[in-house]
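Visitor: This structure is in structure tokens; I'll ask about it shortly.
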Amino acid sequence: MSKKRGLSLEEKREQMLQIFYESQGFFLLKELEKMGPKKGVISQSVKDVIQSLVDDDLVLKDKIGTSVYFWSLPSCAGNQLRNTYKKLESDLTSSKKRYAELAEQRDSLKRGREDSDEREAALEELKATELEHKRLKDELASYADNDPAALEAMKLAIEVAHSAANRWTDNIFTLQQWCSTTFPQAKEQLEHLYKEVNVIFYSLHLVLYVIKFDLMFLGFLV
């Protein structure tokens, strides 16, 4: 034997309203909790069902002394339905008005945008312009590493390094002359050392000149 299905919330609301309509009396909550099971609404859920009816203005309540009484007449439901109808009718009128405004705005925006050869040509030109703008933007991004400030700093650093290389080259030649004069007996060893030192400094000069030439080629040095 299948288990009997319980009432839905809406069915419980209808059953509790019937209690009010049939008696047209005033009830305490504890009285409604006793009467609810006769209509298929368990006493534990009566309070929530009654509160939902109060929230929807289908049941009225008032405190008299220390007790709270609930009541509802068929006219209450009629008034509620009439109020709901008026609200829906007002909402429908507002929606129709808004629809008409949006339709007029749409038609206004359409004017001057009808399909034509001129419009198609203008759209194609706009598309081409956007593509060119994107290409130029990408090309500009590729030059981001060539920051003029960074290149200027590099130029100054090369000038300082070049000046230092020249100064130390002069110092080494002066040292060579002093060593040859002071230690004539070590002539062969000194000449071998001179060759190694010259190779290092000539290589350094060559690197500096190559970098300087690259900057001149880019137009950052004059």
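Heads up, the Cβ atoms here are built off N, Cα and C, so glycines get one too.
According to TrEMBL, the record shows the following:
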- 16-74: domain 'Mnd1 HTH' (DOMAIN)
- 85-146: coiled coil (COILED)
- 150-193: domain 'Leucine zipper with capping helix' (DOMAIN)
- 199-221: transmembrane segment (TRANSMEM)
Visitor: Per-residue pLDDT averaged over the domain 'Mnd1 HTH' (16-74) comes to what?
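Guide: Value for the domain 'Mnd1 HTH' (16-74), mean pLDDT as a whole number: 87.
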Visitor: On the DSSP side of things, how many residues of the domain 'Mnd1 HTH' (16-74) fall into helix, strand and coil, could you say?
Guide: 33 helix, 12 strand, 14 coil
